[in-house]
């Protein structure tokens, strides 16, 4: 009885899905002639054996935690925001422009950059919301279109004299005053770098060899903020109500259209923040020519789904996702198996989450046989 | 005259992978299953086509295997959506990851650690029609399939049933139509077509598989499905529009005309949004699309 109740909990479903994902990955590795235990050992060492590696995982998790939360916000209102890629580009592009063209004191400059980036990508999201509510254009379609429009717009703008760094295929860099790197003033001065190089503390190595930055704190703040928005505020209640039942919301006096637009705007602003924090936090602090999307937006969808579509869950699933993708490089270098094995593992995890009703079905089948199970099923869906 | 012929050829060349995938999308959506996993099915089709084409030396065998690979991935989608009432979009997202991951993983095994295949010894043949027009054989196949799918959907009993299932599965079920069987078949066929679409890219447009040979084509095809209002002819025209824009980029990319190619590349996407705005929601989505069918539910 207790076991069955446990299996029916959503978190258990996700943990089971993760387990099955790793088993499936092991099978693929074994069939391809690799030792799965060695491969997973390499993955583990590639993530935890040095503070530097852990720092890299945290740095790389920042944007996908945010695009994950971005997806969650839209999802709670019944919207499928597949436009994270384009919104991310909008945020990064705005950050480069505001960060590279303006001269402001350190700290303030950073704040102005991320606020402007969030406003610009928020407007992009609001546009998607207006397209949906006023013109009946499905958000998946407009988002796919805007992803490509933003990609080409970014590629175009950074070839113009206004934004191009001469002699490169990339944009100008954001000024150091806009950077969110930890110990920025040390790392941008010779004396500071010398101090770090002479220090023996493990933290110094992390600071020297990685782009350790404050982005993760911002991501956690956003997660907590979104959590309280849904838990404690009327607005959050409205945003969720629209996702659960539009007709009931309308009857209760909640404007469906306004909340759809607002939800898309918040969602897009958070994805844009991810782009902006990459520019302020990570070398080379600029936008480069892209042949195709970088995948932060799509990774965010995976992060959100593994995180159980919760903002706090996205922090953990973002770290988890980042661990798998960062550690996968060690699988390749140590064992020789392709790092893409982790895409397969993550894909299987999400597939299992999609069919997690399977677990509940199995739990029910054990409990009762035949018509009783059928009756319960009919009750549940009827 | 020849220039127009070249533009037509290039347009159709780039449109073909999209048309094949869009046909798959239409069939799946009309049966009531949203298939966002088409992207992953195209990727694995592109890989299977190029890899088999390389090792067998015969691009036609490659094309068949591409369809098979797409179909297998689609079977996973069908099992999730039909059997387990999964959230169809989540399952699709998963299959996109699995399709890409599996392709790159296998590519590294068979091609010495490279994420791209070696060029196939022979591409699918081209057919020259004179006047500068020379078409890939996949173009001909795709255009024939458009006609066939249209005929099936609107002139044959099976097509009527398929559409009925997408509109109102319970009603169709009451009339004795096997909803589950139809949905299984529809999703698998959409995978076969998407796989072929991927191979049309890696065996006809270019001659090898690379990680970005399919980048967003599946999503564009899905957009074309909606743009064309779930009609094979309309959706194919939408695909041709995307192909035309790509052809313009190729032809004008030389720099003779002072329009930056990036701006040009943006046009079809802007146009799609504009046209959908003008249609103002008058899209004819199958009513039951995306909703799992549970027997006995109302």
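Cβ from N, Cα, C; glycine included.
According to TrEMBL, the transmembrane segment annotation covers A:12-33 (among others).
Look at TrEMBL and you will find A:53-74 (among others) tagged as transmembrane segment.
Among the features that TrEMBL reports, transmembrane segment is placed at A:86-102 (among others). Long-range contacts of the transmembrane segment (A:86-102) within its own chain (CB-CB distance under 8 A, at least 6 residues past either end) are made by residues 63, 67, 70, 109, 112-114, 116-118, 120-121, 124-125, 143, 146-151, 153-154, 157, 163, 171-175, 178, 267-269, 271-276, 278-280, 285-287, 294, 296-297.
The transmembrane segment annotation in TrEMBL covers A:108-128 (among others).
Taken from TrEMBL, the feature transmembrane segment applies to A:140-158 (among others).
Beyond its flanks by at least six residues, the transmembrane segment (A:212-230) meets 55, 58-59, 61-63, 65-66, 69, 72-73, 76, 114, 179-182, 206, 236-237, 239-240, 270, 273, 277-278, 280-282, 310-312, 314-315, 318 of its own chain at Cβ-Cβ distances under 8 Å. The transmembrane segment annotation in TrEMBL covers A:212-230 (among others).
The annotation transmembrane segment is assigned in TrEMBL to A:260-283 (among others).
The transmembrane segment annotation in TrEMBL covers A:295-321 (among others). Here the transmembrane segment (A:295-321) has long-range neighbours at 10-11, 14, 17-18, 57-58, 61-73, 75-76, 82-88, 147, 219-220, 222-224, 226-227, 230, 271, 274-275, 278, 346, 349-350, 353, meaning same-chain residues at least 6 beyond its ends whose C-beta is under 8 angstroms from one of its own.
Annotation source TrEMBL lists transmembrane segment at A:341-363 (among others).
Within the chain, the transmembrane segment (A:12-33) has long-range Cβ neighbours (under 8 A, six or more residues past its boundaries) at 6, 39-40, 306, 308, 320, 337, 341-342, 344-346, 348-350, 352-353, 356, 359-360. Taking every recorded stretch in A:53-74, A:140-158, A:260-283 and counting its Cβ pairs under 8 Å to the transmembrane segment (A:108-128), the highest total belongs to A:260-283.
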